[in-house]
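Below: the structure, in structure tokens.
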Amino acid sequence: MGYLSCKAGSAVAIAVSSAASTSGSTSSKASAPPESPIEDRPRLRRFLHRDLESATGGFDINNLLGRGSHGSVYKAVIGSRHIAVKRPSKSREISREFHNEFEILSRIRSPRFVNLLGFSADNSKEPLLVVEFMGNGSLYDVIHSDTVLNSGAISSWSKRIKIALQIAKAVHLLHSQETPIIHRDIKSANVLMDKNLNAKLGDFGLAIRCNVDDQKVKSTPPAGTMGYLDPDYVTADRLSTKTDVFSFGILLLEIISGRKAIDVRYSPSFIVDWAIPMIKRGKIGGIYDPRIGPPIDVSVRNHLGLVAAKCVRTCREKRPGMEEVVGWLTGLTKSVRSRRWDELSIGNPCMMVETVGGRPVE
């Protein structure tokens, strides 16, 4: 059906032969946290289109979970298991992104991703993807719904920092592959919450598996979502893993503040234009979600905001890598539990000129 890859040698055909070969894996050389291993070429199940169509009630709108960048997602039950079925839109460009998601997710699996479980590829029918069912919707819904807030999903800073850490680990896993994967569309709507309110990164339609010097990168137009898109990523040759770091920084500000990336009800409407000046003026407590107030521990309050500020630096070379971000957030989770600060040091020789309460924002 098609290929989409940065290197011809690593391309995966969306065909029956692809699924048949999934059990023969080669281990990745990339390092990953032991609690979030990546499985290379996971085993996939091939479904009949008619079975998936029936399981969704004929793609009944009552089973519609949401619409993504390249199709719709429906709830279904196969046997006793809840699954989600992704159905592509009819646009050729959308179909290409849909196939790209298959190419990426058919090769990796992790507890930090919304994993691919199977597919249907009947010649006379549209292709369908079967992914894990996430019972608590998207992080966007969690953050921006008072109903969910009241249920306790993000009612404490320990829970919010845990969610941020889980997302950071997901992005780090992508970047640490032997051939890095750049997601290009990290946002709260693409982070889904499972039944235990663990965060998983999904929607890999815009992702690219390649080294930044590959010709494929240089010929792929910039893409992403307004509000999360790296301002440095204006031409194809400016794509790098730091593009994802910027988007993660926006998402972290969203988790911290409870505000949307862009919200026209406020001035300034862009979350960076509002939050970063407050951090520079030493008013970091003012960026925290007023529904639960800032963290009690002043060190946690300051350092969490500083991590976000580092990620959204205009100069991409001064942004941290996701491995650093994972380390900082891991320290913060420990500090929130112990209410003391001794695990995190975010010193960096690339220092910004602004200060927080008289100290540099590094």
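The backbone N, Cα and C atoms fix where each Cβ goes, glycine too.
The signal peptide annotation in Swiss-Prot covers 1-24 and rests on sequence analysis.
The compositional bias 'Low complexity' feature in Swiss-Prot is assigned to 21-32.
Residues annotated as region 'Disordered' in Swiss-Prot: 21-43.
The secondary structure of Arg67 (ATP binding site), as reduced to three states from DSSP, is extended strand. In sequence order, Val73 constitute the residues six or more apart from Arg67 (ATP binding site) in its chain with CB-CB distances below 8 Å. The ATP binding site annotation in Swiss-Prot covers Leu65, Gly66, Arg67, Gly68, Ser69, His70, Gly71, Ser72, Val73, Lys86.
Taken from Swiss-Prot, the feature active site, proton acceptor covers Asp185. Every protein chain considered, the tally of other Cβ atoms within 10 Å of the Cβ of Asp185 (active site, proton acceptor) stands at 24.
With a cut-off of 8 Å between CB atoms and residues at least 6 apart in sequence, the same chain places Ala236 near Ser219 (phosphoserine), listed in sequence order. The feature phosphoserine is assigned by Swiss-Prot to Ser219, with similarity to another entry given as support.
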Cα-Cα distance linking Gly71 (ATP binding site) and Asp185 (active site, proton acceptor), given in Å to the nearest integer: 15
Site of maximum Cβ density within 10 Å, from binding-site residues Leu65, Val73: Val73
